[in-house]
Amino acid sequence: MNILLCCAAGMSTSLLVTKMEKAAEEMGVDARIWAVSADEVKQNLDHADVLLVGPQIRYKLPQLKKEAEMKGVPVDMINPSDYGMVNGKKVLEHALRMKK
Amino acid sequence: MKAFANLLESHLMTFAGRIAEQKHLQAVRDGLILAMPLLIIGSIFLILGNLPIPGYNEWMTGLFGREWSTKLQYPVGATFDIMALIASFGIAYRLAEKYKVDPLAAAAISVASFLLATPYETMFTPPGAKEAIEVGGVIPTALMGSKGLFVAMLLALLSTEIYRMIIQKNIVIKLPDSVPPAVSRSFVALIPAFAVLTVVWLLRIGIENTSFESVHNIVAQLLSGPLNALGGSLFGILIAVLVQQMLWSTGIHGASLVGAVMGPTWLTLLDQNRIAFQAGQEPPNVVTSEFVEILINTGGSGATLALVVLMLFRARSQQAKNLGKLSIGAGIFNINEPVLFGMPIVMNPMMIVPFILAPVAMVLVSYFAMSTGLVAKSVGANLPWTTPILVSGFLMTGGKISGAVLQLVNFFVALAIYYPFFRIWDKQKLKEEEGVMTEHEGASGKTVNL
């Protein structure tokens, strides 16, 4: 399972990556999780199974959706309160649901 | 209230989406990013060459000889002085990428057209002479740096537009299939490059016959001059910060959108300071890109570091304590999404008030502290926006304590503004938590699990 996260600079999503990795370990999920800036999404899509977008750049969602759907990668916005509380488990579960 | 919030949000979203998707604006922002690592490296050498520490000069002279300072300026020149050249390449590259035409060819053509618009002459005063003479056969470094930034931007956009239109209309030299693709690709750019350079050439010749003399003069007088004056004014910076905060209040990344519009102006103002500082003069501009990033957005947009510190030391509710612990690490490096979405400040009518007031107050304090000379201005060093408080203030002023002191003052201004609102919020959370505790006898229904 490859989970790609993105926000403006890939900084705050990288906080979430650490927490999600920890949650994945606890849940026994084999996942590769990484964060990039919105501009780098395109180059990273080939290796991603799902794309999660930070709520602060949700205005980019339509554009990112178009790019990702061409490659068959499901896209969604991260729930703002899970994002704020850096709730790795919830976001990971969200990603797992998207894959199905 | 909810309907109003929805209305506001949908309008802002369209606005933000338009700015973010505007191809040329995006290309300018992304193209300028290409120069950023270079400017940061240049800044390190700039600061190292000019540390105002007593005895530093003598110590360095003892170690490296009398010319040490001049030699430290080499990398400064090689980075700051080619800002426009790099931008010319980067902007065209990013724009061509968006149009899905060969970005490398577009970037190369853009650099050529930027140089074509630039007179290969500079004024030079020979040693011992009184008057400067004009020297030909040189590329003037002044115009390759921030002074040429707007010309580079405009020509990168213009040349790439012409290039992609011709490519998309398929007016290219086609070679038979038997020719290797690498060879035929280099022929594809021929007609569009010829068209671009002819247009820029005619432009230059035309302008040479007017009193403006060069493209650079026209842009300086009609565009970059007025833009810099406006963007560098107190009014301009207040509007920029207000827009940034209002966008963030609805959860939209305001700093990134405002930066996309203001970036070139603020960068030019920053570099004017650098040039003055290197020449041993007083930096002219209060407002630069660093003014916003280092002095105002302390802990992230809205100066939330103060708020996080309040949570850490003054919170009584579990939620505030947890959020404080969660946010402080990132907050030190000016990342504050956890506070913005976790507290939340976003779409929270009460917290939006200090979230807008604090940075506005800090802009006023900083502007007056710098314009009256109380605090040293930015010396033009371009620091990463993740540089922590105090260190960043010290470095942006070229190693003056006053920069760090101003940050500290700003921090307490923000603290005072956030405090009453923080108290109300904290109390409310405490009440909720106690309510939950008595209802469910300790079940942590509403407390947050981290």
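Note: Cβ is positioned from N, Cα and C throughout, glycine not excepted.
Pulled from TrEMBL, these are the features on record:
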DOMAIN    B:8-421  domain 'PTS EIIC type-3'
TRANSMEM  B:32-53  transmembrane segment
TRANSMEM  B:73-96  transmembrane segment
TRANSMEM  B:103-120  transmembrane segment
TRANSMEM  B:148-166  transmembrane segment
TRANSMEM  B:187-207  transmembrane segment
TRANSMEM  B:219-243  transmembrane segment
TRANSMEM  B:250-269  transmembrane segment
TRANSMEM  B:294-313  transmembrane segment
TRANSMEM  B:351-370  transmembrane segment
TRANSMEM  B:401-421  transmembrane segment
Local confidence of the domain 'PTS EIIC type-3' (B:8-421) - pLDDT mean: 91
Stretch in B:148-166, B:187-207, B:219-243, B:250-269, B:351-370 most in contact with the transmembrane segment (B:294-313), if contact is a CB pair under 8 A: B:351-370
Long-range Cβ neighbours of the transmembrane segment (B:73-96) (under 8 Å; 6 or more residues past either end): 23-24, 26-28, 30-35, 38-39, 41-42, 45-46, 49, 102-111, 114, 141-149, 151-153, 155-157, 159-161, 163-164, 267, 271, 274, 278, 380
Stretch contact, the transmembrane segment (B:250-269) with the transmembrane segment (B:351-370), Cβ-Cβ under 8 Å, 3+ pairs: no
Maximum Cβ pairs under 8 Å to the transmembrane segment (B:148-166) - stretch from the list B:103-120, B:187-207, B:219-243, B:351-370: B:103-120
Cβ contacts under 8 Å made by the transmembrane segment (B:219-243) with residues that lie 6+ beyond its boundaries: 147, 149-151, 154, 212, 254, 257-258, 262, 265-266, 268-269, 285-288, 291-292, 296, 356, 359-360, 363-364, 367
